[in-house]
Amino acid sequence: MGFNEFMSKLFGNKSQRDLKEVKPFVDKIKVAYGEIERLSDDDLRGRTAILRQKIQDYVKDERAEIDKLKVEVEGKDLDEREEIWAKVDKLEKEILDKMEVVLDEILPEAFAIIKDTARRFAQNETIRVKATDLDRDLAINHDFVSIEGDTAVYQNHWVAGGNEILWDMIHYDVQLIGGTVLHKGKIAEMATGEGKTLVATLPVFLNALTGNGVHVVTVNDYLSKRDSEWMGPLYMFHGLTVDCIDKHQPNSDARRKAYNADITFGTNNEFGFDYLRDNMATSPKDLVQRKHNYAIVDEVDSVLIDDARTPLIISGPTPKGEDQLFEEFLPNVEKVVEAQRKLCSQLLIDAKNKMASEDKKEQEEGSLLLYRSFKGLPKNKQLIKYLSEPGIKSSMLKTEEAYMAENMRNMHLVTDELYFIIDEKRNSVELTEKGIDLLTSRTDDPKFFVLPDIAAELSALDNMESDAEKRREAKDEIIANYSIKSERVHTVNQLLKAYALFEKDDQYVVMDNKVLIVDEQTGRIMDGRRYSDGLHQAIEAKEHVKVEAATQTFATITLQNYFRMYHKLAGMTGTAETEAGELWDIYKLDVVVIPTNKPIARKDMNDRIYKTAREKYAAVIEEIVRLVEEGRPVLVGTTSVEISELLSRMLRLRGIQHNVLNAKLHQKEAEIVAQAGQKGTVTIATNMAGRGTDIKLSAEVKKAGGLAIIGTERHESRRVDRQLRGRSGRQGDPGSSIFYVSLEDHLMRLFATEKIASLMDRLGFKEGEVLENNMLSKSVERAQKKVEENNFGIRKHLLEYDDVMNSQREVIYTRRRHALMGERIGMDVLNTIYDVCKALIDNYAEANDFEGFKEDLMRALAIESPITQEIFRGKKAEELTDMLFDEAYKSFQRKMDLIAEVAHPVVHQVFETQAAVYERILIPITDGKRVYNIGCNLREADETRGKSIIKEFEKAIVLHTIDESWKEHLREMDELRNSVQNASYENKDPLLIYKLESYELFRKMVEAMNRKTVAILMRARIPVPEAPSQEELEHRRQIEIRHAAEQRTDMSKYRTQKDDIEAQQKAQRDAASRPQGAAAPQTPIRNENKIGRNDPCPCGSGKKFKQCHGRNL
């Protein structure tokens, strides 16, 4: 007995320990249920209201304290404000922690309430209760509720996912266990058909009682809409609001309302994209999401593991995005690819001839040629077929071992003859000297596609004896040349990758002249996703469809970091145990295996292994024919669109009726999968298309042996194979599963070791024979584990890079949210002024450069130095910073007070005379370079005597500078991430270099952003316009009446003013006291529709608004 087995016997295995922990809750639920089921329907609903109130009463003291602190913060100095806001943050965290305590306390009663609600719906056609306002609202849009006088009548049937359903489910004990596990913030692994969707109702209901919102996350929009409609009535019966974000357009009022519901359903991508959109919003009313409280992720493995390798990105056009070289260099690359194909085909022919010889030396030469052909074109079908012959693969692997020895010292002898080298495992392509020569054969410059040694060239330039101006010009030319060549090399590399590593109908499909990515895990099209770094454009060029313009990142986050923001995260799936380590490492999520309600009766058979793919597919077809004759339904799982179409053609030739589900045919997915359990039905599904929909069997089918699962290839992940098996044998139904494998399969080619190859040879494996061998099955599993480790490495690597971005993102998004909401904007602005003061002192005090300090101070803060030269040289940096900040703060306050003082008379006049007509007013404020039209609430601006204008101005400037700086920073971070990969050639860790360099980039970005913000704020004033002509007045009225956005303004309309404060103040006061009509005040905004950017410009030019007067908005 091993140590692990001994410990399991002593303490029980993990699963037993987990269930022991949950059992007391289940016992309490049963006790509570006995009392709850005796209540009337109205009393049952009343219990929910009592529980909701109990939660709010538990945290009312903390909420009152927060309200009190928010009132106190006004008028406090910077240090006191920071202290108060820190207390507010701490109290908000305490509220969440206290709520968890009270939720655990009321869990048995809440679970009993929802279980009994399910029972009442299952056992009664209608439930009659006293009508509330919510019931009346529900009756307007939902047919399962009707109002009869003061009574609300709930039906037990409704439409979900386009189908009429009759409620017939009541929670089992194992589902109560699952619900408790989910409430505790863990992952519940439940077998297919065990009712995961129903399990979720328990923790969703409980946590929704807090009013903080619960997010139920699904893998596709069909499931999110279906589940919200299917489970929604249970929640609505108790007065909870339910909505689904996928039913509404992004940034719409309807979507905002969906997030404000107690329970919100949606897809992982849309939740993530809404978060990014919120962090690009320019007004609080544009925000849709609330704080991230509690999320339950359905098919958690698919969302947190499979989708986690692709970050969510919102991108936009980049300058010169149309100037791309993919189509220009496509003929060069096609020429190289074609030459490689011919070479590798000839190498294979020569290798076969030599290896057939009796001479050992000839055989060795043949083995070398075979290995060379493999390095050049590993996916060549003839090569794959030849490698499955006895002794061939093991011979090639021995050759590989010999040339990889001594750190691949002799590998060049293999690869020099090739044009490029493909490494499938690393997903990389590398041009050889021979390939570069062929590429450049069409050009005059033999180094056309070769990057110059820029460091050596710049070093040589520094040593030249010439004047500084000439050296600078030469340096600029070297850098420009490097930039041009770098883009060429990158374009060619991406085109080569597109040809060598990406295959149509496997990783992507072409539909409607567009290249669409296929999710390798589910076989679904990934709408809106594009390969990054120019790879998508390269594939578009290869497929001769329109090459889309290059884009740049505006906002990005990985799903890992998005879901880690939730206060509490839980998930459910049928298959998570194999990835339990990763789920704990990254998300700190524990996996708990929930026992099945009935024992599993499915028969899982050993893999059947064939030599070639052709034999394997022939055997699959024979098996399908046999099973159909027995009257059993068959679900055939494939790994690509190509294979599903091949099997479909083979079945058509045999006259077998069947349905195909793949990325090209996904519209009727749920409908086809639901029908897949009927007698003699054959369904071919790419990977796990149709996941989330139950396959129900008739009594006749169960008698015949149940649903038969046939896997046509082992997937790279054992988890996906388990998902396919799990489609059969739900709720104790009979069924079977079997996988057909060939030595030509992708997994076997890449990861099957020499041991497998030699074992096959020893077993005397002949063509047409089938093997069912435990040793081989274990070898396949070991190969899968290898790939899983590899994929985990990729995801962890992605996360490590994104963690760097995440810490920066948190700083920027927090500052941005403070500006947007306005509550902490005053404190943030003062902090920014202080940071600029500190940076100025740090930059000049150490070098004792007082003159430089004075000049930079005027540029940054637009004030004279309050510090003399003697004080500058005699005091410590901290004291100097405080002195400078005091003066800067006073100057800033004076300027803001002056703006309020000048603006208020105009605001007051408009409010007094036209408050019934206008709701908002535009106030122009300039920094001397551009004019910002600041939109404010008219009443608020008058009541605060112009102070609210200052707050809106600060918000507008901070948001503008953050967005401009962050967008540019993301572009630089993208470039940095690409450039640091070369560090590995110098035996340095690219991630470490990335961390160091990105910190420096971020520090500089924040410093520049602070300076820009402060420079605008410290120069702010209300401009004094020249009296406009009547035509200009009318023209301006048309535009400005509708727009409160910031805009660039033609400064020729404004007088050139010196920075003489007294003259400036006088001019502004004169402008404020000028009689009405002498210079028209800024026109307020009416409550009417805005001009869309694509609408005709109101000036009458005939151009679109965005191309005319809206160009600079």
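Cβ atoms are placed via backbone N, Cα and C, with glycine included.
Feature annotations, reproduced from Swiss-Prot:
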BINDING   Gln175, Gly193, Glu194, Gly195, Lys196, Thr197, Asp694  ATP binding site
BINDING   Cys1097, Cys1099, Cys1108, His1109  Zn(2+) binding site
COMPBIAS  1042-1072  compositional bias 'Basic and acidic residues'
COMPBIAS  1103-1113  compositional bias 'Basic residues'
REGION    1042-1113  region 'Disordered'
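Projection of Swiss-Prot feature records onto the structure.
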| residue | record | contacts (Cβ under 8 Å, 6+ apart) |
| --- | --- | --- |
| Gln175 | ATP binding site | Glu194, Gly195, Leu198, Val199, Leu202, Asn597 |
| Lys196 | ATP binding site | Gly178, Ala188, Met190, Asp298, Met572, Thr573, Gly574 |
| Thr197 | ATP binding site | Asp227, Trp230, Met231, Asp298 |
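The secondary structure of Gly193 (ATP binding site), as reduced to three states from DSSP, is coil rather than helix or strand.
Neighbour counts were taken as the number of other C-beta atoms within 10 angstroms of each residue's C-beta; across the binding-site residues Gly193, Gly195, the minimum falls on Gly195.
Neighbours of Glu194 (ATP binding site), defined as other CB atoms within 10 A of its CB across all chains, total 24.
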